[in-house]
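The block underneath contains the structure these notes are about, expressed in structure tokens.
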Amino acid sequence: MKKIVAITSCPVGVAHTYMAAENLENAGKEMGYDVKVETHGSIGVENRLTASDIAQADGVIIAADTKIDKSRFNGKPVIECGVQEGIHHPEDLIQKIADGRAERYQSMEVSEESAQAGEDSLGQKIYRSLMKGVSYMVPFVVTGGLLIAVSLSLGGHPTPEGLKVPEGTMWSTMLTLGGAAMGLMVPILSAFIAESIADRPGLVPGFIGGMLAANGSLYGSTANAGFIGGIITGFLAGFIALAIKKVKVPKALQSIMPIIVIPILTTLIVGFLFIYVIGGPVAWLFTSLTHFLAGMQGGSQVILAMILGAMIAFDMGGPFNKVAFLFGSGLIADGNYSVMGPIAVAICIPPLALGVASLLLKNRYTKAEREAGKASLAMGLFGITEGAIPFASTDPLRTIPSIVVGSMVGSVIAILSGVTDHVAHGGPIVAVLGAVDNVLMFFVSVIVGIAVTVLMLSFLKPKLQVAGPVTGATHVDENITEEKISHSEQSQLNVMDLLADESITLDLADDSKDSAITDLASRLVNTGNVAELETFKDDIYAREGESTTGIGMGIAIPHAKSALVKKPSLAFGRSTKGLDWQSLDGETAKLIFMIAVPENNQDDIHLKILQSLSRKLMDQDFRQALLNAPTKEDVKNLLKEI
């Protein structure tokens, strides 16, 4: 069988990374290719390509929105594209390799022509750099935004100017912390755009340039240049640093170039350019735009809301979505919350609408899609638009127009009814936390947007055929997925090596979550793999305090990395009635897996086991089999599949 190697990576989240990997692997099987994919996800690099893998490959596919080192692929046919191409068009990418249409990659030292040809990918470099900056900026926006939301909702008092928090209170301190995090948004965006272009020499000038963009007083402006200025300083710093890097200097100076010469020269150039040439006009433009948007009425507001709603829904976390989101969040700093209101509505409509559609239009969605719909609903509640991607990737021509129209309708209702959002985030979570004004109309806007989307899908999406090729195709697809999961995960670890007979109970006490944790932890202590019970339980509870380990669908996976653990171990308990685990979907937990890992473990094995369990437990038949298994031996036989 012919071989292809690939790399997938996404700067925002792990969803795109693994969706692209799965689609490339499955498309390869259908086309007669063995495709090995190295994923750069949230737990680091997995399924790493070896020198032998690369040597035997007919070509390389890099579907990534982050910077990937291509030096190991020197001399190989290489196709580079965004991660969404890997999700939506894996067959086309593989076919390009098969047809010999991929150009051979050569490093700069080997081929000057290749370096010149690299200029053709300037647009791709700009896109990737912007996405990297955004990915590092998002945690600051979310942290700052939610701190502000909590302080306003719990400590704020309504005034004609909006919610006000009394000075000297705990909530005032929280508001200050949130403001500090939001204040770093532009510098971080600028710094990592520059770093993506010029590596570390671009980081400092990018950060300083972002500080300039965020502080209008430095260039005589009453308003700062906001995120637009941050994007400009990021690209300026990156490309200027890159140009200086290419200047040939004596060997005596080479060692100080990246840590002294390049950062200082670049900072001076960017600083003087921004203060004396760019900063003023950009700040004026941004201020004028803010005043223009604040004064929009009637039809102008409708057009603005329609455009923003369409951009948010169109690519669900991609560049159009990010531009609209940054536009709205950038205006918050100047006190214009009316634009973020319709954006907050549009953000959650695609995942919520498709989750609802998968439940109401059951004869139009496969079993796997209906399962994905549950996760989509949960993601929509917390403002994660990417929850809609599984549906859009399988049926884009019907799904994307539906969610775009639904989001446009919801956004228009929101802006006309005065819905505003004080934080750079969306979804019902911001309304619950008190960051939204006119909460009733916020939910009305969301519900109407969902209804419009579902209605369109009911007309556009055909019913599934009960028999024939469709059923067979679905069956084959599920088998391929299961085969892939089994193969990849078993190659990384053997779950049964971690599970002893005495660590299994099929009659877990139904008293409470606490009693279940005590029961399972005691079993691990009795195996000799955990030294002491109470302190280990404290470690388990510390992890529970970060976020619930109830992942939904009747499953909980409490886990800890502890100095008391002698070797990685696993315990399993089954509750007949179910335990309240504060799961994301509100369901009780009936299948509980406890994972214990030594503190000095170097392989992040607990993360790999979590990933293995989570992926396998998405199979409803497998979960039901575990619930129905009459003996421990039957449970062990089922768990051998992981």
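Note that Cβ sites are derived from N, Cα and C of the backbone, with glycine treated the same way.
Positions annotated as domain 'PTS EIIB type-2' by TrEMBL: 2-99.
The annotation domain 'PTS EIIC type-2' is assigned in TrEMBL to 126-459.
According to TrEMBL, the domain 'PTS EIIA type-2' annotation covers 497-642. For the domain 'PTS EIIA type-2' (497-642), the mean pLDDT of the prediction comes to 81.
Annotated transmembrane segment per TrEMBL: 134-154 (among others), in sequence order.
Marked as transmembrane segment by TrEMBL: 174-194 (among others). Sequence-distant contacts of the transmembrane segment (174-194), counting only residues of its own chain at least 6 positions beyond either end whose CB sits under 8 Å from a CB of the stretch, comprise 129-130, 132-137, 140-141, 143-152, 155, 165, 202-211, 213-214, 224, 226-227, 229-231, 233-235, 237-238, 241, 329, 332-333, 424.
Through the fold, the transmembrane segment (225-244) approaches residues 126, 129-130, 133, 185-187, 189-198, 201-202, 205-206, 209-210, 212-214, 216, 257, 261-263, 265-267, 269-270, 273-274, 278-279, 282-283, 285-286, 326, 329-330, 333-334 of its own chain, all at least 6 residues removed from its boundaries and within a Cβ separation under 8 Å. Per TrEMBL, the feature transmembrane segment maps to 225-244 (among others).
The transmembrane segment annotation in TrEMBL covers 256-278 (among others). Packing against the transmembrane segment (256-278) from elsewhere in the chain are residues 198, 200-205, 208-209, 212-213, 218-219, 229, 232-233, 236-237, 240-241, 244-245, 249: each is 6 or more residues past its ends and has a CB under 8 Å from a CB in it.
Annotated transmembrane segment per TrEMBL: 284-308 (among others), in sequence order.
Residues or ranges marked as transmembrane segment in TrEMBL: 343-361 (among others).
The feature transmembrane segment is assigned by TrEMBL to 400-419 (among others). Beyond the transmembrane segment (400-419), the same-chain residues lying 6 or more positions past its ends with a Cβ under 8 Å from any Cβ of the stretch are 301-302, 304-306, 308-310, 312-314, 316, 338, 341-346, 349-350, 353-354, 388, 392, 436-438, 441-442, 444-446, 448-454, 456-457, 460.
Residues annotated as transmembrane segment in TrEMBL: 439-460 (among others).
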How many of the residues that make up the domain 'PTS EIIB type-2' (2-99) does DSSP mark as helix, as strand and as coil?
41 helix, 30 strand, 27 coil
What same-chain residues lie close to the transmembrane segment (343-361): Cβ under 8 Å, and 6 or more beyond its ends?
308-309, 312-313, 316, 324-325, 328, 369-370, 372-377, 379-381, 383-388, 391-392, 399, 402-403, 406-408, 410-411, 413-414, 419, 421, 425-428, 430-431, 436, 442, 445-446, 449-450, 453-454, 457-458, 461
Quick one: DSSP breakdown of the domain 'PTS EIIA type-2' (497-642) into helix, strand and coil?
59 helix, 39 strand, 48 coil
